[in-house]
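Lifted from TrEMBL, the feature list:
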| type | residues | note |
| --- | --- | --- |
| DOMAIN | B:66-255 | domain 'ABC transmembrane type-1' |
| TRANSMEM | B:68-89 | transmembrane segment |
| TRANSMEM | B:101-123 | transmembrane segment |
| TRANSMEM | B:129-149 | transmembrane segment |
| TRANSMEM | B:187-213 | transmembrane segment |
| TRANSMEM | B:233-254 | transmembrane segment |
Amino acid sequence: MTILSCEDVSKHFKDTVAVKGVSLALGAAESIGIVGESGSGKSTLANILGGLIPPTSGTVYFDGEKISDMKKTDYMNFRQNVQFVFQSPKESLHPYLKVRTSLREPFYAKGRRRTLKKEIDSQILRALERVQLNESVLDKYPHQLSGGQAQRVSIVRAMITDPKVVIFDEAVSALDILVQREVIEILKKLRQNIRTSYLFITHDISTVQSLTDRIIVMKDGRIVEIGKTEDVLNDPQNSYTKKLIESAI
Amino acid sequence: MRKYLLILSIVLLLIPSTLGLVSLFYTPYPITQMDLGNRFSGMSTEHLLGTDQFGRDILSRLMVASRYALLLGTVSVTLGLFIGSLIGIISALSKKWISMIFLRFIDGMLAFPGIVLAMMFVVVFGDGIYSTLVAIAIFMIPIFARLTYSLIKEQQHALYIVAAKSIGLSTTRIVWRHYLPVILPRLVTQFSASIGSAILIESALSYLGLGVVPPNASFGLMLKEAQSFMLSYPYLILPSGILLVITVLGLNLMGDTLNDRLMKLGDTND
C-alpha cells in the first residue's frame, strides 16, 4: 500500500528547474534512499513530498489524498504524520528551548496538550533510551549538545509520535564518521522496531545501503535510475550511478 | 563600561520614577494651588524649587509632570508595541497580497512626520491626556510593525522555524514559542528607546498647547510657561528642562545597554 507518492512533479526557482517531472511512490513501512550529487534536486523533492514547499506542477498524494486539496484538519494530520530530520541538528532545534521542551512539542502538535506531562515525559524517556541517550540531555540547550547527541534528539523528536513517514534530509552528512556510524546503527534498530516508512536523502550512496529497500538516483532534477538497493549497488545500469558508487568506495 | 552605563541609566531613571510614584499619594502642595503673594519666590525650605508666576509650587508640579510623562510614555508605547507587533506578525506570515496591503499602509504612516500626525490627531479629537496618549500610540504603531515584520522575515527561513512547521505546530504556537523569544530582545530595546521619544513628543505637544493642558502639569507645559520669564527668572526653566533631559537620557542609555546585553545573551545561546 502506497503511503506517500508524487506524480509528474516539477519545481522551478526563477530560472532554475530543480525537479523535472518526477514520479515516485513510497510504500507503507518501506524505506527508500534518494541519492544524487549536490544540486540534483533530491532535497527539493523531499521538501515537496514533505509538504514544506509546493510543487510548481504535478501532484503529491498522502494516504491516497491530494495534499493540495486537503482541508485544514487533514493537512494537519498529514503534517504530523510526515516528519523531517534535517542535516544540521543543532540548527533545527530552537536555541532558546531546552531539549525537554523541544521533545514535548510534537505532542502539542498532535493536540495532546491535555495529556499529563508525566505521561509525555515517560514516553520521551523511553524514546531517549532507544537512541542511547540518557535523561541528562533533557535539561540542556542545543548548544550544550554534541553533534551526535543533537541529531539523536532530532530523530526522537521526529519519531516520538509514531509518524507514518520520516524524511531524513542528509541527516548524517554533517556528523563525523564515527558518529555517522552510531546514528546509522540506531536507525537500523529503529527500522526493525517501528512500522514507519523512511525516505533517506543523501549524496553518499554508502550511507543508505544498509537502511533502504530501494534506491532512487537523481541527476539534474530527474530520476536516472530506480531499483532494489542490492540491484542498484551490484549492477548499476546508469553511468552516473556507477560514478556515485565508485566515489563512495 | 557597559555595566556602569546600565547603573547610570537606572540611577537617572530612578529620579523621575520616584518623583512620579510619590506624587500618586503625596505632593508638598496641590499643583493648582496659587499663592499670588508668593510669586517667583526662589528656593526656600517651604518651596524647595521655588514657585512659578502664579505662586504654584514647582516641585509639586514637577512630580506630577514626571508621573504624566512616564505614564503617557509607557502606556502609549505599550499600546504601539502590541498593535504594531501584531500587524508586523500578520504581515510577515500572511499571503503576499495581504502582506503588501499592510506594508504599504505602514510605509505611508512612516512617511508622515510623527509629530505632525500626532498634532493632527489632537486637533481633530481634542487635546488632553487621552488624546495625547492615543496620538503617540498611533505614531508608535508603524515603528513596531516594521521592526517586527523584518525580525520575523529574518528568522522565517531559520532551520528551527522550518523544523517547527514540519512537526505540525500551529502558527500561534510557532509565533509564541519560536519567534517571540528570538525577536523579544530587539523589541525590548526598541520599547525602551521609544518611551524616550514618546516623552519628547508629549512634551512637544504640551509645549504647543495640544497635549496636557493647564492647570495640569507636564514638562512641555512647564517649559512653555517658564519661557516668558526666562531672562528675569532663569531658574524656572531649569527643573523641568533638566528632568526632561535626565528622563530621556536614562531611557536611551537603558535601551542601548539592554540591546548590548540581550544581543550577547542571544549569541551565547546560538
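One-based numbering along the chain as shown.
Quick reminder: no glycine exception, Cβ is built from N, Cα and C everywhere.
Bear in mind that TrEMBL entries carry predicted annotations, made automatically and left uncurated.
The list of residues near the transmembrane segment (B:68-89) in space but at least 6 beyond its ends in sequence, with Cβ under 8 angstroms from a Cβ of it, reads 16-17, 20, 102, 106, 129, 132-134, 136-149, 151-152, 175, 179, 187, 191, 194-196, 198-199, 202-203, 212, 216-219, 244, 247, 251. Simply put, out of B:129-149, B:187-213, B:233-254, B:129-149 has the most Cβ pairs sitting under 8 Å from the transmembrane segment (B:101-123). Using a Cβ-Cβ cut-off under 8 Å and counting only residues 6 or more beyond its ends in the same chain, the transmembrane segment (B:129-149) has close neighbours at 68, 72-73, 75-77, 79-81, 83-85, 87-89, 91-92, 102-103, 106-107, 109-110, 114-115, 117-119, 121-122, 183, 186-187, 190, 194, 198, 201-202, 205-206, 210-212, 216.
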